[in-house]
Amino acid sequence: MTIAVYPGSFDPVTNGHLDIAARASRIFDTVIMAVFDRPNKQLLFSTDERVALLRESTRHLPRVKVDTYSTLTVDYVRSVGASVIVRGMRAVGDFEAEFQLAQINQTLAPDIDIVLFMASHRYTFFSSSTVREIASLGGDVSWLVPGPVVDALKRVYGRR
């Protein structure tokens, strides 16, 4: 059984994240979307909120599980018995950062493989930060994020 970990902040989770998770779940037996608990990073949603939003948003993906961690990613990957880290790339601009991260992770844990998924074309142009900005200005993000996230963003920004 191959377990893969898809780590991220997921602040908030987007349809692009879910697309990567769904595609990864067709290849791996289990995909754990692991929310990185970053106490030093300014985030819109708390770790508990991000986990809850992810759980609601992945109910339709039976091979996708949700968890949280606050250690080195490779240490977390090993702790859950996984052998693969899943990452997504939207555009060429993501490649350098992902390449550097992969090199660091492979140096720390040569036994863990990194698998990069290219974003589906409809998800290449936006990120979680884009979603937050649009939502903060009162824009419609329902086509970018799952329903539970739309509702959460409306609560945060107090609109509509």
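Backbone N, Cα and C atoms are what each Cβ position is placed from, and that goes for glycine too.
Computed from a predicted structure; not experimentally measured.
Record features, source Swiss-Prot:
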BINDING   Ser9, Phe10, His17, Gly88, Met89, Arg90, Glu98, Tyr123, Thr124, Phe125, Phe126, Ser127, Ser128, Ser129  ATP binding site
BINDING   Ser9, Lys41, Thr73, Arg87  substrate binding site
SITE      His17  site 'Transition state stabilizer'
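Ranking the binding-site residues Ser9, Thr73, Thr124, Ser128 by how many other Cβ atoms lie within 10 angstroms of each Cβ puts Thr124 at the bottom. Around His17 (ATP binding site), taking its Cβ as the centre, 24 other Cβ atoms fall within 10 Å, counting all chains. Phe126 (ATP binding site) sits 20 Å from Lys41 (substrate binding site), counting Cα to Cα. The DSSP secondary structure for Arg87 (substrate binding site) is strand. If you measure from the Cα atom of Thr73 (substrate binding site) to that of Ser9 (ATP binding site), you get 12 Å. With a cut-off of 8 Å between CB atoms and residues at least 6 apart in sequence, the same chain places Ser9 near Lys41 (substrate binding site), listed in sequence order. Among the binding-site residues Glu98, Thr124, Ser128, the ones whose Cα sits within 10 Å of the Cα of Arg87 (substrate binding site) are Glu98.
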